[in-house]
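Inspection log for the structure reproduced underneath, given as structure tokens.
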């Protein structure tokens with residue numbers, strides 16, 4: 001038997017049950033506050049973490065306002081932010097925090113995020129192995145091996161950024177191709193047969209195209225804004241900040257010489273020419289990152305052009321449908337004009353019949369049966385002339401086709 005009870009709204013509530021419910025509600029709040037993350041290091045090893053926002057802030061030393069950009073419950077546009085020690089990445093479903101030696105990816109069990117996790121695990125170790133072994137092979141490797149190591153010589157944060165950009169560009173391009181596969185046959189079917197079903201189908205596809213265009217446009221605008229500002233691109237050099245070299249410093253410290261393996265136009269500097277290249281590194285400090293961003297900017301621009309072409313095709317189809325509807329409307333107007341003309345002609349017959357049907361004595365009504373034939377003939381000629389006059393007048397005014 002419980003020794004303590006408290007009164008609430010006239011009811012006796014056991015203190016023990018109250019404490020149990022309070023603990024369960026607190027546990028639910030704590031569970032709701034935790035978010036699933038995956039941490040990927042330079043070796044591609046992944047560790048699933050359940051952390052709240054305060055633990056993330058302490059772990060990567062990020063501001064709370066920047067962390068809010070990654071909240072799936074809030075709607076923020078696509079963003080790539082360079083901070084002192086991290087890169088905050090919000091690209092559609094890819095929500096990540098990139099440091100100089102770690103990638104924190106949100107919701108790793110999402111179907112759209114799983115390919116990004118697998119790609120990071122596959123490609124991140126290559127960069128780590130390259131940085132560890134670049135000094136040992138300097139004297140023993142030939143020119144071909146020098147070129148290969150230069151191609152793979154890419155900072156950890158840029159490797160992770162490249163995987164994210166490649167993932168979002170491929171994702172949006174795949175959605176665009178699926179939309180094109182559904183849209184073009186639907187538009188052709190609507191052109192051949194206008195029906196409520198086809199119109200509703202095209203309406204849904206147009207709405208989906210508008211939403212997808214907005215998503216692609218946001219990613220494109222973010223890349224364009226980043227490319228237009230060298231300072232923003234310089235903020236993404238986390239490894240350089242880690243060793244204490246500024247992107248635009250005048251010191252003689254060695255700078256990163258970057259070249260993405262996916263970009264064929266990158267600068268390939270051999271080991272023997274690095275000394276001369278270091279003298280011009282200050283002028284082209286963000287050139288490699290700029291080439292990386294431009295490659296994916298062109299890819300997202302190509303996706304946007306596909307959607308623009310699809311929109312133009314939809315607009316052309318709408319114009320064609322409107323022309324067809326106007327033609328049908330004109331045919332209905334022409335039919336209505338014919339019926340109205342016929343009604344006017346019949347009303348002339350009704351007028352003549354009404355005159356002769358009036359109960360008024362006429363002298364020529366008796367013994368003049370032949371006059372009925374002439375009345376019919378004259379009335380028919382007048383009605384036909386009236387009908388032809390109405391039709392010719394309507395054609396002259398362009399109300400009906402010739």
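Please read every residue number as a count from 1 along the shown chain.
Any Cβ shown, glycine's included, is placed from N, Cα and C.
Positions annotated as coiled coil by TrEMBL: 202-229. Only residues 6 or more beyond the boundaries of the coiled coil (202-229), in the same chain, are considered here, and those with a CB under 8 A from a CB of the stretch are 77-80, 91-92, 168-169, 172, 175-176, 179, 182-183, 186-187, 190, 290, 293-294, 296-297, 300-301, 303-304, 307-308, 310-311, 314, 317.
Under the heading transmembrane segment, TrEMBL lists 337-358 (among others).
Among the features that TrEMBL reports, transmembrane segment is placed at 370-394 (among others).
Across the residues of the coiled coil (202-229), the predicted structure has a mean pLDDT of 93.
Long-range Cβ contacts of the transmembrane segment (370-394) within its own chain (Cβ-Cβ under 8 Å, at least 6 residues beyond either end) map to 337-338, 341-342, 344-346, 348-349, 352, 356, 364, 400.
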